[in-house]
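A short write-up of the structure that comes next.
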Amino acid sequence: MIKCYPFNLLFVNIALICLDVVLAFIAFFQLCRIHLRNQRVGWTRQKVLHLMIGSSNCGYFIYFLCMVVATCKRWLCWSNVCGFVLMALPKILFLAAFLLLLSFWADLCHQANDEEDGDEENSSRKPLLETSKTKVGLSNIDIRRKCCSFQGIRVGSRQKFVIVVIVLNVLLIIAFAAIIRIEQKNPSNLLVFARVYIDFLATLVLLIGVAFGCYGFLLFSKLRRVRSEKASSEMRKVVGLAVVSVLCFTSSSLIALFTDVLLFHHWNPEKINGVKALILLILHHVLGSSVPFAFGLWFMRELPAPSTSNRQVQPRAITFISYGSAGRHHHQYCPTATSSEKQVSRTSPN
């Protein structure tokens with residue numbers, strides 16, 4: 001196999017395969033732990049994101065493995081439809097995971113703004129500390145509970161928008177696969193269409209990174225208003241994920257936009273020569289996928305509180321992930337100020 005595939009590129013593929021296997025194992029193992037600990041809640045956003053992360057890394061594992069085998073076995077379909085689909089699908093799962101997370105952050109920011117606008121008239125009659133412990137405190141506690149515990153998801157307009165974007169990307173993959181199938185006898189046109197698709201995805205990832213930076217800053221400003229002993233640790237999580245997303249997404253997008261390492265890696269691996277091209281290839285995958293996934297797994301590492309109540313909780317909206325009863329136990333790993341907890345307990349629906 002070494003004779004039919006460049007040795008240095010083979011070593012890079014093996015390293016990336018091992019990294020993807022480790023991340024996929026961690027994601028699915030953590031998913032099993034979460035499900036066994038809190039089975040009655042159903043599918044929460046925490047479980048969905050773990051499933052997407054694990055599936056995306058499994059897709060990358062299959063892609064890198066098939067790349068070596070297809071090159072050595074001279075699979076005819078690898079240079080057109082089969083290889084293109086295996087290359088694109090893991091990235092679609094990656095985009096789905098982070099777009100879904102971004103939509104939750106957007107919901108939290110706009111929800112908090114709406115609540116503050118609605119209470120603006122009443123807030124002028126109360127002291128600042130009192131306000132922060134009631135309405136503003138409630139919205140920010142809800143922010144910390146939802147963005148840090150990933151519990152209680154509803155399908156809102158932004159989640160529907162994410163689903164539409166992912167469906168359009170899948171249709172785009174099918175369209176490009178059909179074009180590549182038609183142009184397989186003309187390698188120059190094939191590379192042009194592949195270049196267009198890679199640039200499109202890189203631009204989309206770049207925009208997502210910018211959006212994470214903006215909403216991360218907004219969430220940070222909301223969390224600063226919460227009087228809590230561990231509020232600083234929650235803010236570090238939000239800021240950390242936002243900074244990692246901006247840096248990693250921007251770096252990987254620039255590599256994809258201004259270099260040809262992705263094209264050569266898939267269609268002409270023999271043209272990847274020198275240490276610089278290998279380093280760019282490793283950086284693109286590690287910064288564009290592995291590091292954000294690893295940080296996301298660390299960000300969601302807390303286990304939800306075990307469900308002990310036998311009472312069926314009625315959802316507040318039609319959901320594709322059950323709303324669950326996690327809001328009742330969120331103080332275990334997202335503590336808030338004592339006075340804010342009292343206000344939440346008084347205003348929470350039974």
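Here, residue 1 is simply the first one shown, and the rest follow in order.
Glycine is no exception: its Cβ is also placed from the backbone N, Cα and C atoms.
TrEMBL: automatically predicted annotations, no manual curation.
Among the features that TrEMBL reports, compositional bias 'Polar residues' is placed at 335-350.
Positions annotated as domain 'THH1/TOM1/TOM3' by TrEMBL: 13-113 (among others).
Marked as domain 'THH1/TOM1/TOM3' by TrEMBL: 158-310 (among others).
If you look up TrEMBL, you'll see 331-350 marked as region 'Disordered'.
Annotated transmembrane segment per TrEMBL: 6-29 (among others), in sequence order.
Residues annotated as transmembrane segment in TrEMBL: 49-71 (among others).
The transmembrane segment feature in TrEMBL is assigned to 83-105 (among others).
Among residues of the same chain six or more beyond the transmembrane segment (161-180), those with a C-beta under 8 A of the stretch's C-beta atoms are 80-81, 84-85, 88-89, 92, 95-96, 99-100, 103, 190, 193-194, 197, 200. Among the features that TrEMBL reports, transmembrane segment is placed at 161-180 (among others).
What TrEMBL records for 200-218 (among others) is transmembrane segment. For the transmembrane segment (200-218), the list of distant contacts is 88, 91, 95, 98-99, 102, 105-106, 109, 172, 238-239, 241-243, 245-250, 252-254, 256-257, 288: same-chain residues at least six beyond its ends, Cβ to Cβ under 8 Å.
Sequence annotations record features per position, and here TrEMBL assigns transmembrane segment to 238-258 (among others).
The annotation transmembrane segment is assigned in TrEMBL to 278-300 (among others).
Mean model confidence of the domain 'THH1/TOM1/TOM3' (158-310) amounts to 86 (pLDDT, 0 to 100 scale).
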